[in-house]
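Here's a structure for you.
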Amino acid sequence: MIVLALDVYERERALRIAEDVREYISMIKVNWPLILGSGIGIIRELKERTGLPMIADLKLADIPNTNRLVAKKVFEAGADYIIVHGFVGRDSVRAIMELGEIIMVVEMSHPGAEEFIQPVADKLIEIANEIEPFGVIAPGTRPERVRYIRKMLKKGIKIFTPGIGAQGGSARKALEAGADYIIVGRRIYGAEDPRRAAEELYKEVRAWSSG
Ligand code: O7E
């Protein structure tokens, strides 16, 4: 299943792309570029136009009280899930979970993730197993790590893998390794024809899932 990472600034462009690719994706992820470019109201607007669940990717990493204050506004704005960092500790993560569903970062997809996050991934998996978020983030650029995280993670917790396409990760390999959702940005919104790019990816993913 495909999550569109809609990292554009402009409201009109975001709405147009979302509507164009709607039938091929399962959720939309909104990150700082779109929120800063178009305002927080874009979450509800996208949700109403597409009918899809919305992920607010703010990667919250603050003390419990500040996490709670921010998350309250973002859930009120229509987000169904908020992405949160686990390295700040259980209390900060739980503060957001009390208000709504979360997806927690266990390991990131960029090269620098090997410096600090990867060495503590086991501890982050432990927190995830204890608090049971809706999902976790694992690196689509490192299928062997996705496989490991799947093995260690409690059944039922979904794995989301960014890093597919522009960062070099393969959708098929991430799914084979145990990902439930692939997160894809530039490969879709940066394509000359986003609808065609989403359709191609959808067919690739579906062909793999059914075969
Ligand atoms: O490389 P792209 O264009 O396909 O975009 C990937 C998106 O996933 C982008 O919004 C980026 O911020 C996000 N992402 C990563 O690329 N790597 C990560 O490790 C984590 C995320 C992400 O979604 O964070 C959720 C915590």
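Using the three backbone atoms N, Cα and C, a Cβ is placed for every residue, glycine included.
So TrEMBL says this about it:
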ACT_SITE  Asp57  active site, for OMPdecase activity
ACT_SITE  Lys59  active site, proton donor
ACT_SITE  Lys59  active site, for OMPdecase activity
ACT_SITE  Asp62  active site, for OMPdecase activity
BINDING   Asp7, Lys29, 57-66, Ser109, 162-172, 185-186  substrate binding site
DOMAIN    1-201  domain 'Orotidine 5'-phosphate decarboxylase'
Give the subset of the recorded positions Asp62, Ile63, Gly169 lying near ligand 1, defined as CB under 6 A from any of its atoms.
none
Sorted by position, what residues of the same chain at least six away from Ile63 (substrate binding site) have a C-beta under 8 A from it?
Val88, Ser92
Return only the integer: C-alpha distance in Å from Asp62 (active site, for OMPdecase activity) to Ser109 (substrate binding site).
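Computed Cα spacing between Asp62 (active site, for OMPdecase activity) and Ser109 (substrate binding site) is 21 Å.
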I'd like to know which of the recorded positions Asp7, Asp57, Asp62 has the most other Cβ atoms within 10 Å of its Cβ.
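Ranked by Cβ atoms within 10 Å, first place goes to Asp57.
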May I ask which residues of the same chain, at least 6 positions away in sequence, place their Cβ under 8 angstroms from the Cβ of Gly165 (substrate binding site)?
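When sequence neighbours closer than 6 are ignored, Gly165 (substrate binding site) has Ala171, Val184, Gly185, Arg186, Arg187, Ile188, Leu201 within Cβ distance under 8 Å.
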Just the number: how many Å between the Cα atoms of Gly169 (substrate binding site) and Asp57 (active site, for OMPdecase activity)?
20
Pop the Cα-Cα gap between Asp7 (substrate binding site) and the residue listed as 'active site, proton donor' into the table, whole Å please.
14
